[in-house]
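Quick notes on the structure that follows.
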Amino acid sequence: MSHTNGQAIISISNLGKIYETPTSSVHAISDVSFDVEAGEFVSVLGPSGCGKSTLMMIAAGLRTKTSGAIQVNGRDVDGPMDDIGIVFQRDVLLDWANVIDNVMFSIEARKLPTKEYLPNAKRLLDSVGLADFYEARPYELSGGMRQRVSICRALVHDPQLLLMDEPFGALDALTREQMMLDLQSVWLQSKKTVLFITHSIQEAVFLSDRVIVMSPRPGTIDLDLRIDLPRPRSLHIMETPNFNAYMREIRETFEARGVITHV
Amino acid sequence: MSNEMNTTNKSEILKFNSLPKDEIRQISLGHRIWGKTQGFIYPFLTLFMLLVVTETIVRVFHIRNFILPAPTKIFETLFQSWPYLWTNAKPTLFVVIVGFTMSLCTAVPIGILIASSKVMEKFVYPLLVTAQTIPKIALAPMLIIWFGFSMTPKLVITVLISFFPMVINTVAGLKGVPQEMLDLARSSRASKLTTFRKIRWPFALPSVFAGLKIAITMAVIGAIVGEYIGADKGLGFVLIAAAGRLEMDLVFAAVVILVAIGMSSFYTLTFIERISIPWHESIRKENRGH
Ligand SMILES: Nc1ncnc2c1ncn2[C@@H]1O[C@H](COP(=O)(O)OP(=O)(O)O)[C@@H](O)[C@H]1O
Ligand SMILES: [Mg+2]
């Protein structure tokens, strides 16, 4: 599948979601509209509980919307689709399977030819430094290594679109910076479209072509900011005035919304 | 396909990854052997002490055999009456094994059915949970009336009594699969069968095994109760008969065999569990040897 630049891979308009539970109804997101173009790296940034995961799950076809419209690859989303890779907030590795089988789950489940994709799985694992760990069980790995496996699993069937829900949220600061660099290089080489959910301003600015800032619940879009920084970005870019100007703009948006307050 | 990453900035990960994994494994193997030895020696020491104390008390106070037989007397009887005991152990063992297997072969499929069908869950599961509270032993006299003094009532009680822990643990295990794992399966377009084979069943296995281990001890109780009510052979029959004749050494000898049956079936299951779910927390903890 090939997409020309400028074509919307994800197209969201006036999307809303209300969770109905027996005891209450939670208005998770409200009136969210934006497009993600082919090859773009877009972050959705917002405070905890503002509906980021909800948004991603609807885009993945795993949750239903309450109102509005959402299209992926030009088709209305009404269930899980091929050609998407998902990295969940928790790594969701299967303890009973070794690393390579965890990655190959994507292939088996989709009934793709295992033989053809096995080299791909190995290449991906090698590229994230897990060459010696094909046979290891998930519980033998560190948090960072586990999340790397889950990223490989999301990529192994070579999807056009990658959805990632706070993949580095549970990692320590150092591992996280390494993962940011790794993800950037995967993305630069593969030119996949990425929708990246995060609550870290720094992570969003560093990785993204665009950062979409959401308000507290019910989540709406407060800011849609294009990040014009050269690639590949090194960690030192975080010390530059331009980077900090973007950080400040986002922070001010949060302050204006009362997400961050000063005493 | 162009998923390859460049290999710059990998030095840190590589350093981290080159941790000597084999060494870790070896240490844990050593721990495992030590852990097992420890696990066996200590309770046996306690048991030995208790036997010595009992023996002393019986001898010093001249306690009579029909009240409390000396441990040495029990073991003597165990050896002397071995042919008689073994003849009677066989039908009990048969009921335990066949009853447990029959129960297993119905309980687990029914558990799977309940966990995968909303209709079954709504219409059948509540009944099963309620039926669990019926004291199965209370049904024994009725079963004798229905099935006579054959092997059948013993099997029925054994099946009934070991059935519920297995169904309930199977259902609980299958229902406990985290939503995220099901989301993973769904987003990968996994079929129901693949989801079951690769996710739901392996996830449920630890719980299923917990059910089996409860059920096997229940099965031994079921077999004995069945034989209490009406039998002309089996260890339950030996217990009743020997107690009637005040042959307490024979009673205790039969109990020793029952304990052996219970323990060997329990540890057989534990062994199968170990090789089936080596990845599970409980097994890993044991292997680390605490
Ligand atoms: N399945 C659900 N049922 C009811 N409420 C939910 C459910 N999932 C999420 N919510 C609620 O919706 C809101 C947004 O949740 P979520 O999308 O997980 O936020 P975020 O990922 O930004 O932290 C939260 O208030 C949460 O409690
Ligand atoms: Mg979330």
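Note that Cβ sites are derived from N, Cα and C of the backbone, with glycine treated the same way.
Predicted automatically and left uncurated, TrEMBL annotations should be read as such.
The domain 'ABC transmembrane type-1' annotation in TrEMBL covers B:89-269. Per TrEMBL, the feature transmembrane segment maps to B:40-61, B:93-115, B:127-149, B:155-178, B:199-230, B:250-272.
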Cβ contacts under 8 Å made by the transmembrane segment (B:40-61) with residues that lie 6+ beyond its boundaries: 68-72
Stretch of maximal Cβ-Cβ contact with the transmembrane segment (B:199-230) [cut-off: under 8 Å; candidates B:127-149, B:155-178, B:250-272]: B:155-178
When counting Cβ pairs under 8 Å to the transmembrane segment (B:93-115), the leader among B:127-149, B:155-178, B:250-272: B:155-178
